[in-house]
């Protein structure tokens, strides 16, 4: 049936274009039912449900025994936490597993049996589900009393496998590891040699002063290695050298040499290697993403060229403009790109599009997202035009910055004057009066800017939205303060009324005023460049944050299982190395405390088990040595990219450019050739091309 075939080709083209937009693989089933299932699976609703399920199963660790539902993590003061009854969290977990079973089943069906055996991630997904369900059954059979739950460590995998960018990032990291290993090995040699020197230099003698260094840090090989490893992180600097330095200043040379060679040379060399290697592998990954996009667009062209509208005697394949318009109307894509492609298509004089013309239309997807600010209102009155010019000028913004700085200085003066006063001696009149004055100015400034720029243009700038929101909040707080405590007057320090005391209200207002001072950032170009670099990392590098969550989560769960029950409270006092035991009880008592631990460092765990050091060293290597350096590498790449663009192109005041990770490398990527695209298309397991 020609009509049915045409509908199939149209639907195939729609899916292929959506695959190209999202950098997805096109190697999936392309019959009518499978295409409907495919679009349903990648719809916002289904992906939202899947994302919510992953969030819920990861969040279960905060509720499961040992529960994190306590205000404090200090075992000396906290009340017994509420622990859910057996079967409650397990029921939620089972529902999550059922969603994952549906997810993996749909994915496996859509790619087909042949592609399934090539997809290691899907096979790992199924294996993880099997192990998790088995562990779930074992847990219920023991009435939730077992200490080791393997499925909890496996939960981060569900987050990892759901993001293609996270998979690419992990692959890039894995490819970078051999180069990292060479420097890590050099670090190990550095540690080993200086450990030997330390044991010889600080050997036990009859001198009690020198024995302090031996007893505290270099008593044996494990202690010596641990002390220097911690020194490499600077966590015990200068404590580790104080006993020896107290005896003889010359001993400091040993610690200075160790720190200079380890921290200044080897650690920075590692950063340089990671930056160089990881950038190359990430570039390859982005190159493959570009190939996927071009392949998806070319696949859409090939199926649309099979429509009956194509002339039979054509020497070359063409696609009619009308067919492409029908496809674009049904494609889920950014409205800006869709409108730009449609405009280009309507202005094109030809009714038939060649492969190169078709591909060129979709290059709009590769361009920077441009946000143009709405125009200012046009006033007829001469007086209003002068007002618009005055309050829309940049100097008016500079005046606002000066006033905000004066507000900050006045708050600092009052805080210094009242620093040592008791609450009963404090007079809040002056601070309340100046806050009232400045908040009224902020309100007037906001209204005048809206008058000059118009509401739509005013709200189109993020700095104005930030400024306006804080001004409204400050105004509401000030009105609430006056309603409860009256207007400022000498001796203005009434008793506690309502939800917050007067001092609490004033402090909250002052904190918001200090926060509002960040409005100066857009006016300082270099500072704005740094801030936008950081914001781009937050927006575009979610994959790296996701892998960081995976690492934190896995180490947190492992820490709970390894150290749970190994520590008991020792009372309301601290004793030298017993501190370590107490800290471990804080840190591994529940999941939330363990996550907080992952940002800190434990200096010693000798009293628990020497093998526990392996856990902490592994955490330090992965989080600090590898991951922090990866983050620095990406920060450098993003900053250098923005700096180069700043040097080569002056920014336009009314235009904002928003870039993705793929667009960061756009200038150095190579376009795939016609032969490469066609060869890959002919290898498609489910698509039969006419030529």
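Cβ coordinates are placed from backbone N, Cα and C, and glycine is handled just like the others.
Copied over from TrEMBL:
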- 45-63: transmembrane segment (TRANSMEM)
- 68-278: domain 'Ion transport' (DOMAIN)
- 92-110: transmembrane segment (TRANSMEM)
- 122-143: transmembrane segment (TRANSMEM)
- 180-203: transmembrane segment (TRANSMEM)
- 251-275: transmembrane segment (TRANSMEM)
- 395-417: transmembrane segment (TRANSMEM)
- 398-639: domain 'Ion transport' (DOMAIN)
- 429-448: transmembrane segment (TRANSMEM)
- 469-488: transmembrane segment (TRANSMEM)
- 508-531: transmembrane segment (TRANSMEM)
- 543-568: transmembrane segment (TRANSMEM)
- 580-603: transmembrane segment (TRANSMEM)
- 615-636: transmembrane segment (TRANSMEM)
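The stretch in closest packing with the transmembrane segment (251-275), judged by the count of Cβ pairs under 8 Å and taken from 92-110, 122-143, 429-448, 615-636, is 615-636. Cβ atoms under 8 Å from those of the transmembrane segment (395-417) belong to residues 430-431, 434, 438, 441-442, 445, 448-449, 510, 513-514, 516-517, 519-520, 523 of the same chain, restricted to positions at least 6 beyond its ends. Outside the transmembrane segment (180-203), and at least 6 residues removed from its termini, the chain residues within Cβ reach (under 8 Å) are 210, 213-214, 217-218, 221, 224-225, 227-229, 232, 244, 251, 254, 258, 261-262, 266-267, 269-270, 273-274, 277, 621, 625-626.
Sequence-distant contacts of the transmembrane segment (122-143) (same chain, at least 6 residues past either end, Cβ-Cβ under 8 Å): 86-87, 90, 93-94, 97, 100-101, 104, 107-108, 111, 116, 149-151, 154-155, 157-158, 161. Long-range neighbours of the transmembrane segment (45-63) within the same chain, counting only residues 6 or more positions beyond its ends whose Cβ lies under 8 Å from a Cβ of the stretch, are 69, 84, 89, 92-93, 96, 99-100, 103, 152, 155-156, 158-159, 162, 549, 553, 556-557, 590-592. Restricting the average to the domain 'Ion transport' (68-278) gives a pLDDT of 85.
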